[in-house]
């Protein structure tokens, strides 16, 4: 069953990174153009699913040794803490803030806390999708 | 602290996420969930105090001013319901320690309970109709999993039914919100109310939307023709989950009916309130018939939920200050007492190993504490004067008679008798008589199970005895119901 998958496995190794880059692109585009955490997360999960199709569950869990339930929980934690951070500054819950920064390589950038919230969404989507697919795949 | 009213939602949410990390460590899970539940009672209590002293509290989430962002609104009604929810949550979590079993505890049981509390508390606190939908879904998704967790055959069957019914009613909820949005062009409850209020007369489409909302929330809250799923679905899960469902889930539907009917559809009362009244009366009748028909103690209490919902909604449909006060007093009483009753029959089932009333008797000989606690719970449920069910029902019936709605008020008066009969049947057949030997004699942690029940019953008895004190809070809650302007002004000030 494994032996005839050479073409699929080789292409998926290359395509994986293309998809992943596209997912990251979508994620960072979210604020100004269509995209964001949800679709970024789904595309990332799609890349991992491609690996699952080309190899098997065991190999993929060696390649990407994450417990996806934890990924979900960490994502939730990031989102909630971003929202709850406003409590420390005594402004209404969920108030976001942004500022302009001069970063070494990229130069003048505006960083917004909404991106952190989106990162949480991203992780939750990846975590939930992968948990669903893995559990269904593993159950006999 | 301006974020006070978001804390009752935030605390269980954060706890739920933390509990995911400690899935395999049962002891840690128990500690975390108990401490956070206790903390939340304190926070909810301070919210009630704050609303009592300073009036309706609002929080514009994300600093966006009222009609444009999501607003959380804590008036006295929602603050009281949040407090009751946190108390029930705490008691059920304590009860779960020695009854739910390690297998379920490892399978994210406590996290799910916390998510359920997030949904319920959020639904009580939100001031945005679509956000209400979202919190409904948070609550329902947690309840789906809590219903099916453990995976016994009956649970699988009933959660399929429960899921189907709720998916359909949620879709209907979205459709209703879409209709409403296309008519009034806003989702903020206060602004919806303001816009509907500014119309000369209520156009037909708004009456249609009102009936649609009644169908949606009636399905969640189990009123007469839409209650069919409840007896089966609530029969399936383990006892603590059943207590959570019975005490909280249907009451969120009832709260939503109260909120939408008093805030949105208060202009043309003829048709909608008449419909609500007829349905409420039939609900009472159906509930009572069910509760006297069965010899299964779970079923008896389940049908008593339906009766209570009818009583509360009857008070709402009469729509006078007296009947509203009665409804709210009865609503809070009913949440507490239903939780207590479910937990009590849980202990009985644990001792006897059966829920069939014909198969056991004479429990009072070995378990006098359990027996008398049940007795107090039973007579509070029926509304015997010093206890908590009395004042609420009295005011509902009084409201009915002064509004010259004699039929409904009489039916409710008579229904109390049958409710009393149905729970006394449990008491007489189950506790009196000759003690029987039970198959399972292994020592169950009887005291640990009884503690949270006694806690709720104590609160409920205090609630009944201190009605005067509670009344000052409830009358403040009623003011927003009879005077939607207060709500609108609080949210849309400036």
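Quick reminder: no glycine exception, Cβ is built from N, Cα and C everywhere.
Some features that TrEMBL has for this protein:
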TRANSMEM  B:6-24  transmembrane segment
TRANSMEM  B:31-48  transmembrane segment
TRANSMEM  B:68-95  transmembrane segment
DOMAIN    B:128-417  domain 'NADH:quinone oxidoreductase/Mrp antiporter transmembrane'
TRANSMEM  B:130-150  transmembrane segment
TRANSMEM  B:162-184  transmembrane segment
TRANSMEM  B:204-230  transmembrane segment
TRANSMEM  B:272-294  transmembrane segment
TRANSMEM  B:301-322  transmembrane segment
TRANSMEM  B:328-349  transmembrane segment
TRANSMEM  B:369-387  transmembrane segment
TRANSMEM  B:407-432  transmembrane segment
TRANSMEM  B:444-465  transmembrane segment
Contact between the transmembrane segment (B:272-294) and the transmembrane segment (B:68-95) is defined here as three or more C-beta pairs under 8 Å separated by at least 6 residues; is that satisfied? no
So are the transmembrane segment (B:407-432) and the transmembrane segment (B:272-294) touching or not, going by 3+ C-beta pairs under 8 A with a sequence gap of 6 or more? yes
Per the definition of 3+ C-beta pairs under 8 A with sequence separation of 6 or more, do the transmembrane segment (B:444-465) and the transmembrane segment (B:204-230) touch? no
How about the transmembrane segment (B:162-184) and the transmembrane segment (B:130-150): do they have 3 or more C-beta pairs under 8 A, pairs 6 or more apart in sequence? yes
Please indicate, using numbers and ranges, the residues of the same chain that are 6 or more beyond the transmembrane segment (B:369-387) and have a C-beta under 8 Å from a C-beta there. 304, 333, 337, 340-341, 344, 347-348, 351, 363, 393-394, 416-417, 419-420, 423-424, 426-427, 431, 446, 450, 453-454, 457, 460-461, 464-465
